[in-house]
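Data block below; observations after.
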Amino acid sequence: MKKDYYEILGLSKGASKDEIKKAYRKIAIKYHPDRNQGNEEAASIFKEATQAYEILIDDNKKAKYDRFGHSAFEGGGFEGFSGGFSGFSDIFEDFGDIFDSFFTGNKGQERNRKHAKGEDLGYNIEISLENAYFGYKNNINITRQMLCDSCLGKKSEKGTSPSICNMCNGSGRVVQGGGFFRVTTTCSKCYGEGKIISNPCKSCKGKGSLTKQETIQLNIPPGIDNNQQIKMKGKGNVNPDNQEYGDLYVKILIRSHKVFKRNGKDLYAMLPISFTQAALGKEVKIKTIASKEIKIHIPKGINNEEQILIKNAGMPILQTEKFGNLILITKIKTPKNLNSNAIKLFENLGKELKDGDEIDLLKA
């Protein structure tokens, strides 16, 4: 016994056209064969819903169905279509957004897959701040899909050729359904290829590519920053269909440095100084990230956590000949373990500076 068309769409008798369209749309999206390839139950549900929609969306056929049920269309097929394909047209006009994606989208995906380059790959490498300053060359080992040496991506044994798929006649697409409603789907036999590999290559088992390890020289330019990527063209996986390789993206991870902290092109470092150096000022020598010894001037009367700017002693600016700055942050060291002479000196200094017993917090 055939199912009631209203029941198939989850509707009650007397449903409006809008309700019929909404109900069918919901089922079509969920059970369309291209979204459920190989699922016979989904294909059956989709077919039933489509038949129900064809009848209920057409006023004449709906009236006949409401009066006579399924018997109205037995024997003579879908009579009533002779007056025009209004119900059928409605399907494509009202649900063009669904069916366009099924009918043309998959074709486009197959076409794009055959013409697209291979898959891109990612690789992370950790380097020191010094490596980032000077630049760095290193060999890295990657695993990727490369063109099969035996079949050169053709997927068949040497001396043999693929045969045309007899299910889709080489188109990669098959038409399902009958009557006035047909659905085009990816061929389940050749999976959209349009051909069958009768004698697959023994080396790659018909894939057209092999997994291989390769050693690649990586050149990291001076000034590279943390989390930046280097693109290595053609060092990704191969697409055997067109023999084009994807790219390799190497992500740079820079280790923390025990002295220097980086902020873009600039470097920051703490500068430990004594009370006397802070009070009187002094010229001192320091070493930069480049291990270069330079003289800097500590101005007299400098306070704790004040900054001293050293121009062009920061990081190289990528792909230029310019440099960032080095910013030194003073850290005045409090002397400990004083001997008797040092204690007397500080006591006398305190008297000279009139250090009192009271401190005004408002002057802090």
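Glycine residues also receive a Cβ, built from the backbone N, Cα and C atoms like all the rest.
According to Swiss-Prot, the protein has these features:
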- Cys148, Cys151, Cys201, Cys204: Zn(2+) 1 binding site (BINDING)
- Cys165, Cys168, Cys187, Cys190: Zn(2+) 2 binding site (BINDING)
- 4-69: domain 'J' (DOMAIN)
- 148-155: repeat 'CXXCXGXG motif' (REPEAT)
- 165-172: repeat 'CXXCXGXG motif' (REPEAT)
- 187-194: repeat 'CXXCXGXG motif' (REPEAT)
- 201-208: repeat 'CXXCXGXG motif' (REPEAT)
- 135-213: zinc finger (ZN_FING)
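This view paints the features noted in Swiss-Prot onto the structure.
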residue: Cys148; record: Zn(2+) 1 binding site; DSSP (3 states): coil
residue: Cys165; record: Zn(2+) 2 binding site; DSSP (3 states): coil
residue: Cys187; record: Zn(2+) 2 binding site; DSSP (3 states): coil
residue: Cys201; record: Zn(2+) 1 binding site; DSSP (3 states): coil
In sequence order, the binding-site residues (Cys165, Cys168, Cys187, Cys190) whose C-alpha falls within 10 A of Cys204 (Zn(2+) 1 binding site): none
Cβ neighbour count within 10 Å of Cys190 (Zn(2+) 2 binding site): 23
All-chain count of other Cβ atoms within 10 Å of Cys168 (Zn(2+) 2 binding site): 21
Inter-residue C-alpha distance, Cys201 (Zn(2+) 1 binding site) and Cys168 (Zn(2+) 2 binding site) (nearest angstrom): 23
Intrachain neighbours beyond the repeat 'CXXCXGXG motif' (201-208), with Cβ under 8 angstroms and 6 or more residues off its ends: 147-151, 153-158, 240-241
Zn(2+) 1 site shell beyond Cys148, Cys151, Cys201, Cys204, criterion: Cβ within 8 Å of Cβ centroid: Asp149, Ser150, Leu152, Gly153, Lys154, Lys155, Ser156, Pro200, Lys202, Ser203, Lys205, Gly206, Lys207, Gly208, Ser209, Leu210
Helix, strand and coil totals (DSSP H, G, I; E, B; other) for the zinc finger (135-213): 0 helix, 31 strand, 48 coil
Shell list (Zn(2+) 2; ref centroid = CB of Cys165, Cys168, Cys187, Cys190; cutoff 8 A): Asn166, Met167, Asn169, Gly170, Ser171, Gly172, Arg173, Val174, Ser188, Lys189, Tyr191, Gly192, Glu193, Gly194, Lys195, Ile196
Rounded Cα separation (Å) that holds between Cys148 (Zn(2+) 1 binding site) and Cys190 (Zn(2+) 2 binding site): 21
The domain 'J' (4-69) - residue tally per DSSP class, helix then strand then coil: 50 helix, 0 strand, 16 coil
Euclidean distance between Cα atoms of Cys151 (Zn(2+) 1 binding site) and Cys168 (Zn(2+) 2 binding site), Å: 25
Distance from Cys190 (Zn(2+) 2 binding site) back to Cys151 (Zn(2+) 1 binding site), taken between C-alpha atoms, in Å: 19
Local confidence of the zinc finger (135-213) - pLDDT mean: 87
